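Peer 1: Quick one: structure below, then a few questions.
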Amino acid sequence: MSFRIGHGYDVHKFTSTKKNIILGGIEIPYEMGLEAHSDGDVLIHALCDAILGALCLGDIGKHFPDTDMEYKNTDSKFFLAEIKKMLDDKEYSISNIDCTIIAQAPKMLPHIEKMKACLASVLEIQINQINIKATTTEQLGFIGRKEGIATHVVCLLNR
């Protein structure tokens, strides 16, 4: 059996020109949105990078550049579904995914199970293969000042 580990990170800043955020493929009510070329889903973007990294296929920007208008306002679940095809083509499967959301606000706990279900559906895996946890920065830095959200994702692939 062959194993590969990938790590992904993403961050986006809040903007007052949007309401609500998209995170883990679901909409979360909030007074602001995330500034981005696509839908700004930092969790899916980091997950895409983790999978691509484990496959040695670069990063999300290589495959879906934010300079390409084709991807303007794109639902990030599309990116994840395309990367799932790459995963299948390389004959790897996901063993598990571990995600950390770093946000002062909004509160994530009420939304984690829906995020897990959404990601599991797109990736065609079991919900118990995905862990999502959230933390704050104790009001330190740009995240603590509620200026944005960051995520880290680690995935383990096997063949």
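Here the Cβ of each residue, glycine as well, is placed from N, Cα and C on the backbone.
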Peer 1: Taking H37, H45 as the options, which does Swiss-Prot list with D10, H12 at the divalent metal cation site?
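Peer 2: Among the candidates, Swiss-Prot records only H45 at this divalent metal cation site.
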Peer 1: Below 8 Å Cβ to Cβ and six or more residues apart, same chain only. Which residues does that give for S38 (4-CDP-2-C-methyl-D-erythritol 2-phosphate binding site)?
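Peer 2: Sequence-distant Cβ neighbours: H45, F64, D66, Y71, K72, N73, T74, D75, S76, F79.
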Peer 1: Which number gives the other C-beta atoms within 10 angstroms of the C-beta of F142 (4-CDP-2-C-methyl-D-erythritol 2-phosphate binding site), all protein chains shown included?
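Peer 2: Excluding its own Cβ, the number within 10 Å is 15.
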Peer 1: Tell me which residues of the chain lie with their Cβ under 8 angstroms from that of D68 (4-CDP-2-C-methyl-D-erythritol 2-phosphate binding site), as long as they are six or more apart in sequence?
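Peer 2: Correct list: empty, so none.
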Peer 1: Please report how many Å separate the Cα atom of P106 (4-CDP-2-C-methyl-D-erythritol 2-phosphate binding site) from that of T136 (site 'Transition state stabilizer'), as a whole number.
Peer 2: 10
